[in-house]
Amino acid sequence: MAIRPELLCAAHEVASLLRSTDVEDSKLLVANAALLESCQAGQLEVALLLLEQRAQVQASNKTGSTALMLAAHGGHQEVIALLIRYRADLESKNNSGSTPLMVAAHEGHRDAVALLLEMGCDLEATNKDGFSALMLAAQEGHQQVAALLVEKSARLESQNEDGFTALMLAAAKGQHAAVALLVDNGADLEAKGDHDTTALMAAACEGHQAVVSYLVDKGADLEARNKDGFTVLMAAAQEGHQEVIAKLLKKGADLEAKNQDNFTALMTAAQDGHTEVVAFLVEMRADMEASSADGFTALIAAAHEGHEQAVAVLLGRGAALEAAHEDGFTALMAAAQQGYGDVAALLAKSGADVGWETKDGATAISLARAAGHRDTATRLEALLLHASRQKARSLAAPKALPVEDSRDLDELLEGLGEAHPIPEHPRPWRVNDRAALIGHAAGYVTKCSGEGIYFAAKSGRMCAERIVTNSKNGTHMIDEYDLKEYIREWDAKYGPTCLVLDLLQKVFYTTDADRKSYVELCEEEYVQQVAFDSYLYKTVQGNNPIGDLKLGWKTMTSLWKNNNKQPDPMRTLV
């Protein structure tokens, strides 16, 4: 290497200073800095001049690197030999714990490594992360250096702080030649790191298809599992490496293997939003309805993490919209609870039931509100309202009958009339305390509410819970007092709502004119919103005093107008 004139000139000046009888610390620092720079640049004559004039061979820079390490980093063999002749410490370490041998191996300088080994450097020394010279060379793909170290009997199965061997490190970096070298020299294919990761898993996680194929061909275990129960296929799916997945499946990997949480490769890919992998696995006939230990399907997993495209792919392939946890938690609920409005909207528009309830009575809307996602809740409410209106229009629209069925039209209309006689005699919303459950069901299945089944179910559940509690594990006989205690609880929770429904039935379902008034009121947007919210939450809604006053006024005027517009035949008869 040519000597830089400016460096040589500076070296002579430094040497002149060092020849003085009084060598100050500042002068020595300058000399040491010059020595480090010359060794890093491979300037043999400059380094020799400085060493002869008492520059310190063990001087180091801010990173703890000595002159020997800097020379090793650049692969400057002659400078390395010079420094060793001046008794440079072969095993000194920089701030990262690397020795000169490790530095040379990391940079791939085979001849420098050979020289250092010849001088007696420790072959198995490790840095602060537990990396040996062989690990560093293998990881960086320096095949010739790795081959030399293996030839010198470097330990193949030494592990770093993460439990990785040289083979695992080379596989993770996709260093095919280094991997082949290590395997050919007997490296353990099934050695595992701290997380039970194998070399094959490491290669699959990083998407190195060629290394994966090579290791499988060499007999690496396709179904080996890490501590989380992930197989090689699942590890590749988690990282989204489709080509690796295809290779593994071709080699016979189990498509439906599950980890400790019962997640399959498809569920893992869906959870992490790898849309192309999801589509590919479904094409390979992965089970879309397989469920995890928590009841997650691939669709729920994708929705829970907000991966709209993955959700769309699964829906397009026919994933079950209403698949749910044991407690009734669906994909729509998962998206709503996490605040993923676009995903929730996609699911709702695809037919997911917005009003679906968990065992605890929670809906997608209530879960979104409870989690603070008001925008998502409002969006779902709007979608539910729109769907309700569409359904109402569909039911109200006249249906064309086939020609052959036209003869039955009169019978059909007559049947409809018999189903809803006017006046309808309001039924009591409670028959009696002893028949509370039947009374609730009978009292609320009306044309103005249609909520009888819901309230009957709620009533039955509350009654059963009270019976279980008061029976004290079967030691107490349930009597009327216990039922009355349950009824008081039921009245406190649903009484006001029931009274309103009872009032609606009595006011609007006495005459045809009254019913017409009810229909007119239902055209009001405020009425629709209140009715929608009341239906959704099963309690009377209305927090707009002005709107409520206007509604009351319109109700009275509508009733008056319709009852005075034409005589009621039933009242005339009476």
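Each Cβ is built from the backbone N, Cα and C atoms, and glycine gets one as well.
TrEMBL entries are annotated by machine, without manual review.
According to TrEMBL, the feature repeat 'ANK' maps to 63-95 (among others). Nonlocal intrachain contacts for the repeat 'ANK' (63-95), taken as residues 6+ away from its ends with a CB within less than 8 angstroms of a stretch CB, comprise 1, 35-36, 38-44, 47-48, 51, 57, 101, 103-104, 107, 109, 111-112, 115-116, 119-122, 125, 127.
With a threshold of 8 Å between CB atoms, the same-chain residues lying at least 6 positions outside the repeat 'ANK' (96-128) that come near it are 63-66, 68-69, 71-77, 80-81, 84, 90, 134, 136-137, 140, 142, 144-145, 148-149, 152-155, 158, 160. Residues or ranges marked as repeat 'ANK' in TrEMBL: 96-128 (among others).
Within the chain, the repeat 'ANK' (129-161) has long-range Cβ neighbours (under 8 A, six or more residues past its boundaries) at 96-97, 99, 101-102, 104-110, 113-114, 117, 123, 167, 169-170, 172-173, 175, 177-178, 181-182, 185-188, 191, 193. Residues or ranges marked as repeat 'ANK' in TrEMBL: 129-161 (among others).
For the repeat 'ANK' (162-194), the mean pLDDT of the prediction comes to 97. As annotated by TrEMBL, repeat 'ANK' applies to 162-194 (among others).
Below 8 angstroms of C-beta separation, residues 162-165, 167-176, 179-180, 183, 187, 189, 233, 235-236, 238-239, 241, 243-244, 247-248, 251-254, 257, 259 of the same chain, each at least six residues beyond the ends of the repeat 'ANK' (195-227), sit close to that stretch. Marked as repeat 'ANK' by TrEMBL: 195-227 (among others).
The repeat 'ANK' annotation in TrEMBL covers 228-260 (among others).
Beyond the repeat 'ANK' (261-293), the same-chain residues lying 6 or more positions past its ends with a Cβ under 8 Å from any Cβ of the stretch are 228-231, 233-234, 236-242, 245-246, 249, 255, 299, 301-302, 304-305, 307, 309-310, 313-314, 317-320, 323. Summarising the annotation, TrEMBL assigns repeat 'ANK' to 261-293 (among others).
Cβ atoms under 8 Å from those of the repeat 'ANK' (294-326) belong to residues 261, 263-264, 266-267, 269-275, 278-279, 282, 286, 288, 332, 334-335, 338, 340, 342-344, 346-347, 350-353, 356 of the same chain, restricted to positions at least 6 beyond its ends. Residues or ranges marked as repeat 'ANK' by TrEMBL: 294-326 (among others).
Marked as repeat 'ANK' by TrEMBL: 327-359 (among others).
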Six or more residues out from either end of the repeat 'ANK' (162-194), which same-chain residues have a Cβ under 8 Å from its Cβ atoms? 129-130, 132, 134-135, 137-143, 146-147, 150, 156, 200, 202-203, 205-206, 208, 210-211, 214-215, 218-221, 224, 226
Per DSSP, what is the helix/strand/coil residue tally across the repeat 'ANK' (261-293)? 16 helix, 0 strand, 17 coil
